[in-house]
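Database features, via TrEMBL:
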DOMAIN    1-99  domain 'C2'
REGION    152-171  region 'Disordered'
DOMAIN    243-364  domain 'C2'
DOMAIN    403-538  domain 'C2'
REGION    651-690  region 'Disordered'
COMPBIAS  668-690  compositional bias 'Acidic residues'
DOMAIN    954-1079  domain 'C2'
DOMAIN    1150-1276  domain 'C2'
REGION    1330-1359  region 'Disordered'
REGION    1386-1434  region 'Disordered'
COMPBIAS  1391-1400  compositional bias 'Acidic residues'
DOMAIN    1510-1628  domain 'C2'
DOMAIN    1749-1900  domain 'C2'
TRANSMEM  1997-2019  transmembrane segment
Amino acid sequence: MMSLMVHLKTVAHLRGKGDRIAKVTFRGLPFFSRVAENCEEVANFNETFRWPIASRLDGNEMLEIQVYNYSKVFSNRLVGTFSMVLQKVAEEGHLELTDTLIDDNNTSIKTSVTIEIRYQSMDGTVGVWSDGEFLDVPDDRDGMFAFETDSLLSGQSHGSGTSPGRSLQGSIPTFRKAGKGVFSAMKLGKIKSSRDDHRKSDEPAVLDMEDLDRRAMRLAGAMDPDTISLASVTAVTTNVSNKRSKPDIKMEPSSGRPVDYQISITVIEARQLIGLNMDPVVCVEIGDDKKYTSMKESTNCPYYNEYFVFDFHVPPDVMFDKIIKLSVIHSKNLLRSGTLVGTFKMDVGTVYSQPEHQFYHKWAIMSDPDDITAGCKGYIKCDIAVVGKGDNIKTPHKANETDEDDIEGNLLLPEGIPAERQWARFYVRIYRAEGLPKMNTSIMANVKKAFIGENRDLVDPYVQVQFAGQKGKTSVQKSSYEPIWNEQVIFTELFPPLCKRMKVQIRDSDKVNDVAIGTHFIDLRKISNDGDKGFLPTLGPAWANMYGSTRQYTLMDEHQDLNEGLGEGVSFRSRLLLSIAVEILDTTSPEIISSTDVQIENVSNISESATGKMDEFFLFGAFLEATMIDRKIGDKAISFEITIGNYGNQIDGVSKPSSTKKKKKDGDNEEEENELIQNSSEDEADEDGDLVSVSTTPLMKPVITDRNYFHLPYFEKKPCVYIKSWWQDQRRRLYNSNMMDKIADKLEEGLNDVQEIIKTEKAFPERRLRGVLEELSVGCSRFVTLANKDVNQAGRTKLDRERLKSCMREMDSMAQQTRQIRTQVKKNTVKEKVKLVQNFLQKLRFLADEPQHSIPDVFVWMMSNNKRIAYARVPSKDILYSIVDEETGKDCGKVKAVFLKLPGKKGFGHAGWTVQAKLELYLWLGLNKQRKDFLKGLPNGFEEVKAINTGPVLQSIPPVSLVYDMKQVFQLRAHMYQARSLFAADSSGLSDPFARVFFSTHSQVTEVLSETLCPTWDQLLVFDNVELFGEASELRDDPPIIVVEIYDQDTVGKAEFIGRTFAKPTIKMCDEHYGPPRFPPQLEYYQVYRGNCTAGELLAAFELLQIPFDEESIRRALIAVHNFAVPQIKVGQGGRADLPPLEGPTDSEHGPILPVPLGIRPVLSRYRIEVLFWGLRDLKRINLAQVDRPRVDIECAGRGVQSVLIQNYKKNPNFSTLVKWFEVDLPENELLHPPLNIRVVDCRAFGRYILVGSHAVTSLRRFIYSTPDKTSNNWATAAKLMNGYMVLTNGGSQPRSSPSLSSRTFSRPAGDILVNVDADPSIRKMDTVVKLDATEEESDKDKKKKKKKKKGGVEEEDETDERMLDWWSKYFASIETLKETLRAQEAAQAEAEEREDLEIAAEAGGSKTKEKNKEKKGFKDKKKGPTADGTEKKPVKAKVDELLVYNKELESEYGNFEDWLHTFNLYRGKAGDDDEHALDDDRIVGRFKGSLCMYKLPLSEEITREAGFDPNMGMFQSIPHNDPINVLVRVYVVRATDLHPADINGKADPYVVIKLGKTEVKDKENYISKQLNPVFGKSFDIEATFPMESMLTVSVYDWDLVGTDDLIGETKIDLENRFYSKYRATCGISSNYSVHGYNVWRDPLKPTQILAKLCKDGKTDAPQYGPGGKVKVANRIFTGATEIEDENGLKKQTEEHLALTVLNHWEEIPRVGCKLVPEHVETRPLLNVDKPGIEQGRIEMWVDMFSMDMPAPGPAIEISPRKPKRYELRVIIWNTDEVILEDDDYFTGEKSSDIFVRGWLKGQQEDKQDTDVHYHSLTGEGNFNWRFVYPFDYLMAEEKIVISKKESMFSWDETEYKIPPRLTLQVWDADHFSADDFLGAIELDLNRFPRGAKTAKQCSLNMIRNEHELPTISIFKQKRVKGWWPFVARDENDEMELTGKVEAELHLVTAEEAEKSPVGLGRNEPDPLEKPNRPDTSLMWFLSPLKSIRYFIWHNYRWLILKVLGLVLLLLMLGLFLYSIPGYLVKKILGV
C-alpha cells in the first residue's frame, strides 16, 4: 500500500511560555498533534502521522504544518505555518529538514520546525519523477506509458526507448489511469528508474528514421500518429545543441572586439521651428563627433538635404550606447556659438534595432533641454541608418519624393512609443559599496603609515552614472573599501527614453587620472514593462555585482577595458547597492525645475534588511579531471582556486577595511587569513562551528599527454574545495530565472531538432514541433504554479513583484498561444511556425535575464607560480540548489566539462583558440543549512577524505578529497570518416589536415592528408584501457566529452590550429547487445569552430565500449574492499572477446591504419559526374609570373578528370574540349556526399606544375540531374518564376495564366490554351485590370478633382503631348509603380501578420489584442492614404510606357544568371580570421566557369535516344560555342544615390569611370560639383571581345582639384554570363513596341525575329500568326494589337505587338519557357575595398549588349538629365491689413507701424526683395502696389527648383542644389535707427498652397492650421492666382498668432513669355503699377491738424468720447426730470 508518513520532531525558537499544538495537513486531511504543555523555547512533539494514499504522490502536492499556542478557553492562536512542495519527497522517498515558519503576513519568523518525511510507494521503490527514462513499471506489468513530451525541465533529451534491460517488443501500451499522479507524470513526462535515482540521464539512442517511425507507431498503438513526438523516442542526430552527442561549447569571447560601423544621417529639412526670423543650423553629434549643416537665413522651415557619414571602429556595446544628438542652433557663426533652439537624442542601439537598421524620412521632435515646460520646439526631417559590417540596407527608392507632410504620422520614434513623450525624473540612488580592490600601491601607503601612523584603505571611490548622454557623479569617499554615499543622481529626460542602457561605474579618484573599478549596465527594458499592465522603470534597492580585471593592483592594468564594461569580467571587483525610480513630471506645476541638468542630492540610509536577510551559503567543488593543459604552463606545479565574491580569494581577495568592521561580512576572518595555508582546517568544536573554507587544490605537477597538452594525474584521488560565504538570501530571483532558462533550453533544443529534421529531410518535422510546443506550454504553466512562492520574503523589491507579475502574465499567454499554434502546425506550415516559436525563445531568454543580482558568479582560476593563468566563469544561478527540481541550476550537482580561457584581450585571436585547460568539475552551491545533499550528484563509488587534523570525524565536514575505488575500463572507438570546408591554413589556399582526438587523459591522431580542405581520413582510432571512475550506469547516462582538434601540418614549425569540435560517445555496457537501434553508431556532422567562426564540418562517429573484468580482478577487488560495500561488477566472459571485432587494415600501402568498419561507413553507389569546362577568367599572377598554360583538375572521392590545356591564356582563356566525365562511388545519402574539388594548375616548362587556386564545391546537390518529367510541362519552374517576378509586373499576385487553365476546355483545337493578354498597358498597374471604358467618362468628370489630388510623378494632364514625354517620364512613372508595389507588398504582409495575431488572440480570447489591432488598422489605413486614392488616378497615368526598376542588382533577381554556366571562385592564400571573413575576396585569384552534372548509373534510355542528341556533350546539349565573339557593350548610367562623402566639406564631386578589359572610359570633365546624389544620365559604348574582356567595372570617383582622385565605390558586372543566359539579358524587352518617340524599340532584332529564334533554339514549332490578332506558340494562343503608328501618324499592320506579347509571357511556354529580362534599370551597391562589406552608395544603371555579327543597333537612347525650365514668378503685393502695431508714438503714445513686406524664393535669400515702407499705419493697413520678380529654374518632374551657386568665395565651381519651390513673404516694421522688427511671415509651397481668401475678413489662421484639409492649388497649373493670405508668428507660449494679412497676386510665366511681356520691379516701367492711395499721416501735425485729431483722438478715444456723450445726455434728462417734477406734482395734487 502506498503511504506518506510525516514524523514531526520538534518546533524550536518559540517565544514566551505556554502550551503548543501542531496541525499537519496533506491532501486536505488534517491531523492534530498532542498538546505540548508548558514548553518555553522548544516544543518536542515527536509524533508520526501516516496517510494511506491511493494514487501516486505528485511533485506539485503540498504538505502544510501549522503551529498554534493552545488555549483551553479561547480559540487557538496561530504562531506560524510551514508549507512545502513534495517534489523532493516524491523523487527520493525520504527527506529530513529543518525550516522556519512564516506568520500571517507571509514574513519569515524565527520559529523553526524539524520534520522527517517518508513516502512508501507500492513496490517499495520510488519511481523518481525527475527524469526522462521510461518508468520502471511496477511488477504487475500493466502496460507501458508513452509520452509526447520529454522531461520538461531536466535539460536533456532522452530516447533510449525502454528502461535498461527491458525491451519494448510486443508490449502494446495501454494507458493506466490511476488518478492524478499518473496524469501529472504523463503531462510532464518525467520518469526515471530507481537505480538511477540521483543522476540526470543523458543518453538517448540514435535510431534510424524508419526504425523510429515503426517504433513511434508501436508506441502510439491506436493513437493518432501525431501525438507521439520524436522526442519520446529519439534525439535526432546531427545537431549542434543536441545535448547527447554535441555539447555546444563556445570557446572565444565574442564581445569586446571592435567592429566597423557606418552611421549615415541625412538632414532633409526642418519645420515649425520656434522663434522669429531665425537663421537655423542643424548640428549632428554622435559621441564626440560633431558635424553641422550650412546656415539657412531668416526662415523657420529651412530645407537642407545634407548627408553626413560617421565611421566608427569600436566594439558593438560601445557603439550601441553612443548617443545620436540632433540640435538646432540659431544664428551660429564664426564668432558666436549661437543659441540652442532644441535637441533630440536617441542611442545608436535604438536605430540598429529598427527594421533594416534605419529610420527613413522621419520627423524628430525637438525639445529644449533648458526648459522642460516649453513643449515641442519644432521638427527635423531626417534619415538615420546604422550599418555594421555585412548589413545591407535597403533604401526605399529615392525618386521624386512626394513630400509627406504628415508630420505626426511619421515621427522619428520606434514603434510603440507615444508621440507625446512626457518629461520624467530618473532617480538613481547610490547607497554603498563593499569589497572594493586596492587601487594604489602599498609602498606609498607604507611610507604614509610610517610618517602619519595611520593605516588607510587604498582606494578613493566615487560613482559615476551615465544616461542619455549625461553624466552624474557622487561625492568621493576618501580611503574606504566599504564606502557609504547615500546620494541620489537625478536625470531629467523624456519618457520613454530612447536610450536603452544606463551605465553605473565605480571609479577611483586619483590626482592624475581617474580609473574605473567596475562597471554595471542597467538595461531599462528589463526593469520596466510598457504593456497595458506594465510598470515604470524601477530597481532595487539591490546589490549590483561588478566584474572586471583581476584584483591585484598594477600601475598599467592590461585588462582595464574589462573594468570599463567591455568584454567578460574575469574577477569579482566589488558590489554596489543602488536603486532606481522614475517619476513622470507634471510640467504644468509651478515649482518644477525646468532645466535638465543632472542634480545630486543626499538620501537617507536604508536598513540592512532592505535587500534581504543575510544567510550563510556553502559552495562545494570537486575536480574530477584536469586535462588539455597548455604546454606553456605544463612545466610548473599547478593548483586551482575557486572564488565566489571575495570569499576564497587568497592572493588578492580581501581588502581589509582599516577599521576592522564586520569581520563576518568581509570574507574570511583575520586570524584565519594568516593561517590559510593550503588545505589546513581547524578543529571544529561543534557541528555548526565555523567551517574553515578550503578554496584551492593542492599544487600538483602536470604529466604530458602529447606534444601540445599536459594533464594532472587526478586518478583515484580527486581534490575538493569548499567555501562558506554570506549573502543576502535572494534565491527566489535566481530560481525564477532558472525555471525560465530551463524552459528556454528545452525549447531551443527542440527547435534545433526540428530544423535538423527539416534540413536532413527526414520524416515528420511537424510531429516533433508539436511535441516541442506541448513541452513549452506545459513548462509555462508549470512556471506559473511554481513561481508564485515566498512572495513576502524579506528584501523583495517593487521590481521583484512587478517582474513576477509580468513574467506570470507572459508565461500564461505564451502557454495559450503555444497551444493555439500547436493546433495549426501542419506539414506545410512547419517552417513559419518555427519562426514564430523562435520569437518565444527570444522572449524567454529576455525574461530569464534577472536585472537584480544576488549571489556573485563563481570563478575558477588555474594558478601557477602564484600567478593567475586562465579562468572560467560559472554563473551562480547555474549551480544553485533548490529542493524543487525545476528551480535548481542546470549544472548544480552535475559533472560539467569546463574549458578555461585566457583573461581579457589575451583571449582574442590565436591565443584564445588553444584550450588552456579542460576540467571535469562538479559544483554545488546552496544554503549552508541545506548542504547535506551536496555530494548527491557525484559519480558513485568514492570514499571521503577529511582534512587530517580533525578530531572526532564529524559527518558534516566536507571532504578535501575523494578517493574512488570503483573504476570501469572502456575502449573508445573514434570513427573519423571525413571533414569538409576546412579553413585554409597554407598560402596555397589549402591545408594539410590531421585530427587529434582527446578523451580523458588519452589522445591519438589521424594520418596527415596533404593539400586538401576536404580530407577523407576513413580511419578508426582505438583507445584501449580508458579508465573512468564512477558507477557504470551513470557513465552510460553522461559520458565525458570527446574533444577533436584539427590541425594543419607544416613541414617546419609546429602544426597550426584549424578548429575544434566536441562530441559525446554512444556507450555500450558489457551486458548490452551490440546491435540496432543504437549500434553501430551513425556518422554525424559536427560543426568545427575556430574561435567564434565556423571552420568546417567533421563527419564522424564515436562509441565507448565497456571491457568486462575477468574473474581474477574481481577477486582482487573484493579483497581490497573487504570493509566496503561489494561493488556492482558485471561478470563477463573475461577479456576483450566480448567486444565487436575490429577488421584489420585493408590497405597495405597505408600501413597499420584501421578503416572505418562497414556498418558505420556509408553505403555507396555508382555515379557519373559530367563536367562542362568553359573557361578561366581573371587569373592573377603567381609568384610574379603570369599564368600562361592553365589546366583544371576536378577530383571527387579519389576519382577525377583533367581539362585540356589552355595553350595561350592571354589569347583565349576558354577550353577547346567542352565536356568530360568520370565515374565515382558516392554514398547513397546525399547529405554525406563528399565535396568536389576544383583545382587550377599552371603548366610551366620542364613539366613543372604550380597550383594557381582551388575551389571546393561542398554540396553537389544542385548539380544532381533528375530526368525531366514528361507530364509536367515545366509548370513547376514557370510557377516558381511567376511567383518571383510577376508580382512586380502585373502587381496582382495571381499569375496571369495558371496551371489550372490547362485542364479547362475551350472551343479551340484540342490542346490549345488561350492566354488572353490585354494589349493595354494598364494591365501592368497595381489594380490588376482597370476597365478603361468605364473610367474614361468618369475621368472627365473628375478631371478637376484629380488635378487637385495628383501629387508627384509626371504631370500627365499637361503633358499629354507625345513630344513632351521623354525617357525620364518613363523612368519616374516606373519608380512610382515600384513604390506602389512595395507599399502594396508591405500592406499585404502587415495584413497577413495581423491576421495571424488576430487568430492567436482570438484563440486565447484576448479582446485587448483585437482592440490593438483595430488601432493598428486605423494607422495603416492612414498610411495607405496615398495609395488608396492612387487607384482612381490610375487610368490617367496609364499613358506612359514603363520599364522595371529593380531596387537591387539584376543578377540577384535571376539567380546570378547561372542557369547553365556557373562561376566558381578560385581561392589561394591563407583564409582571413574571424571578422575578416568578409575579406575572402582578397584570396580570390581567378574564376573557373563551367558546370557539373551528376547522375546515378545507368541512365534511362529515352534521353539518349532524343533527336539531335550529341553524345559528346552528354547532358549539356544545345549550349552555344565558346569561341571568341565581338560584342558592342552599351552602358547607361542614370544616377547615383547616397554616395559616401569624399571631401572635408561632407560632399563629393563625383564622376563615372567605366572599365572593360583594356578599355577605360573616364568621364572626368563632366564631374558634378558637390553632390552626393548626382544625376549622370549618360551612355557609354565600348567594343569588347568575349571571353577576354567580360568583367565590366563601373566606378564612381571623386574629382579633386589637386592630388589624385579618390575612388568612392565601384560595382562589377559579369557580362559573359548575362550574354549567354537563357533569360536573354542582352537587351531588355520593353512592354510595348513603338518605332518612334521616347519608347522606341532598342534591339536590332524585332520582336518577331527574337521570337522565331527562341522557338528555333528551344526546338519548338515556329509561331503561327492568325487573323484577328492571335498568335499560336507551343499550343498556347496569345492575343494582342495588330496596328502600329509611324512618325507621321499613319497606321500599318504589324505582327510585332503579338510577338512581343509572347515574349513578355515567355515563362508560360512549356519546357523551354523562362522569364525574359524586361526593359529595366538596376540599382547596384557601390563597394570600396578599404571599407569591406559596407555600402558606399548606390548606382542606377543598365547594360545592353549587341553581338557584332548581327545588324547594328540604333543610336543610344537619350537619357541626359532634363534641363530645368526657366520660369519667372511675379508677385504683386497690393495691400496689407490688420498688421500688428509695434511702435509707440514719441509724443502721443499711440500705436503705429511702419510697414513693409519682404519676399524671396527659398534658396535664393540673396535675391530677397522689399516693398517701400508704408509709414505710420495706425490701423495695420498698408497699401503698396509693389511688384517682386523672381526668375528661377524648375524641374517639373521632380518638383524642385534648381539653383547653381558657389558655396563660398573659395569654391572652385558652382554647386547645383535642388530645393522645393517655396515662396516666403514676411511683414516687417521699419525702424530708422535700430534694427527692423519682424512681425510675421507666411510660406507658400508653390506646388500646393491654400487658395487665397476673397476678402480680408475671410482670411484667417485656419488657412494655415488646417492646411491639410483645405483644397490646395499649384501655381504651375493655375499660372495666376490672387487673394488674401495670413501672416503668422509664434507668441511666447509657442502658440500661432495672426499678425497681419496680405493681399497678393502670384503670376507665373515661362522665360519666353517673360521676354515677350516684360514687367518692371516695384512700380517701374514696363507695365508700371499705379501709386498706392495712402492716408498721408507722416507730417500730419502741421498739414492737417483736424485730420490728425480725427486719427489720433477719435481712433484711440472714440469709446471714451461716446461714453461721455451718453452720460451727459443722461444727466441732462435727469436734470430736466428733477426740474419739472414739482410742477407736475402740484398739478396732480390739486387735480388741475
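Each Cβ is built from the backbone N, Cα and C atoms, and glycine gets one as well.
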Leading contact stretch, 1-99, 403-538, 1150-1276, 1510-1628, 1749-1900 vs the domain 'C2' (954-1079) - CB distance under 8 Å: 1150-1276
Paired segments the domain 'C2' (1510-1628) and the domain 'C2' (243-364) in contact, 3+ CB pairs under 8 A: yes
Residue counts (helix, strand, coil, in that order) that DSSP gives for the domain 'C2' (1510-1628): 12 helix, 53 strand, 54 coil
Helix-strand-coil residue split for the domain 'C2' (1150-1276), DSSP-based: 11 helix, 55 strand, 61 coil
Segment confidence, the domain 'C2' (1150-1276), expressed as mean pLDDT: 85
The domain 'C2' (403-538) - residue tally per DSSP class, helix then strand then coil: 14 helix, 57 strand, 65 coil
Summary of DSSP states over the domain 'C2' (243-364), given as helix, strand and coil counts: 14 helix, 60 strand, 48 coil
Residues in the domain 'C2' (1-99) grouped by DSSP into helix, strand and remaining coil: 6 helix, 62 strand, 31 coil
